[in-house]
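Take a look at the structure set out below.
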């Protein structure tokens, strides 16, 4: 998604991901909003987990931005929000090990997300899923459609 230099470059993103059963076939989706323009992204993985789909949605959304932006990224995944805002520094300091000394789960996608986030200024916001938020519900519908249609 392109932004014009010198103009407000705040992009609002809504992401969701899931699979059924977990693990199993999964889908992810992201909706990017910028100055009245919307872009929808979605994808499918035949064998995955909910957390991997949530991470993929956030990474893909940020990768779609063609220039550094100010971003408000809305996710209903506490795993994604806590990982990026609270846990990542410790993981990196411990060479991608968690507090128990075990390798961080989904390390490949966490690294992808960190790379995608590096050039942006991001406000990571958690929203309650399935609580009637129209954009969260829409992202959920797109992710479910991607999962169902493969």
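For all residues, glycine too, the Cβ spot is worked out from N, Cα and C.
Cross-referencing 76, 89 with the Mg(2+) 1 binding residues that Swiss-Prot gives (16, 54) picks out 76. Taking the binding-site residues 16, 54, 76 in turn and counting surrounding C-beta atoms within 10 angstroms, the largest count is reached at 16. Following the DSSP three-state reduction, the secondary structure of residue 76 (Mg(2+) 1 binding site) is coil. In the three-state DSSP assignment, the secondary structure recorded for residue 16 (Mg(2+) 1 binding site) is strand. A Cβ within 8 Å of the Cβ centre of 16, 54, 76, the residues given for Mg(2+) 1, is found for these other residues of the same chain: 15, 17, 18, 53, 57, 75, 77, 80, 129, 136, 139, 140, 143.
Taking the C-alpha positions, the distance from residue 54 (Mg(2+) 1 binding site) to residue 140 (Mg(2+) 2 binding site) comes to 11 Å.
For the pair formed by residue 76 (Mg(2+) 1 binding site) and residue 140 (Mg(2+) 2 binding site), distance between Cα atoms is given as 10 Å, rounded to the nearest Å.
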